[in-house]
Amino acid sequence: MPFVIAYPVIDPVLLSIGPLPIRWYALAYIAGLVIGWAYARHLVARASFWGGRVRPDLGVIDDLLVYTALGVILGGRLGYVVFYNPAFYLSHPLDVFKLWQGGMSFHGGLVGAGVGVMLLARRRGLPTLALGDIVSAVAPIGLFLGRIANFIKPELWGRPTDVPWAMVFPGAGDLPRHPSQLYEAAAEGALLFLLLFVAVRLGALKRSGLVTGLFAIGYGCARILCEFFREPDPQLGFLFGGATMGMLLSLPLIAAGLALVAFAYRREAVPA
């Protein structure tokens, strides 16, 4: 039997306040929103990051938190229903509302967040890409913490393997598997640092849509790479030629990112 690392079983409940359990899973998402909100406020407060480009004020960032959070929840759930398990939810339509049972799609959440951004931009009379660039710059914070939460739960584990760091996950049978949640956390964490470096050090926020495009390309490539190690959803399996739904949904994301980067560089950076 190959050497495996013992899975560090962690109580999913951090603490209980009376009858209310506080779960690591929920805490990770809340922390992602709060830290992302704080970093977004930092971005818009620094005029030098934006040059002469129109940027939202701090009040807009507070609204942006609400709009994107709702968009991620609604879009993530609907994306999972449509892309990953439509047959089940057609037979059990009321289960669509049972969010506590799990089942969220990043790509659906991304679409939902995009809709939220567009609605807020229209309401406040701001350029959509100004808000989109902010969301893209902070999104990897939540993605990193979310993948750590997937590992703690545990869920979304990897494929069977004999690598020295393989783990046997509770509920995933007796085979050692890739800790693919940690791979995704690392990739999305690295993406965060890349975006921070590009946005803050190289002035990417001065080019409308550049940060959004870089995020789309970076996340799409990281997701496709990590899908080679992640166990596909059991109700879908492999679609064709070893491809998974996560891979296919990431391809248009990369294409959109490339288009945005090209758009950003066809326009002059806005000087201070």
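We count from 1, first residue shown onward.
Cβ from N, Cα, C; glycine included.
Residues annotated as transmembrane segment in Swiss-Prot: 24-44, 64-84, 99-119, 125-145, 185-205, 209-229, 245-265.
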Intrachain neighbours beyond the transmembrane segment (245-265), with Cβ under 8 angstroms and 6 or more residues off its ends: 83-84, 105, 107, 110, 207-210, 212-221, 223-224, 227, 230, 232-233, 236, 239
Stretch in 24-44, 64-84, 125-145 most in contact with the transmembrane segment (99-119), if contact is a CB pair under 8 A: 64-84
Distant-in-sequence neighbours of the transmembrane segment (125-145), which means Cβ under 8 A and at least six residues beyond its ends: 28-29, 31-33, 35-37, 39-40, 43-44, 53-56, 60-61, 64, 68, 106, 113-114, 117-118, 184-185, 188-189, 191-192, 195-196, 199, 204-205, 208-212, 214-216, 219
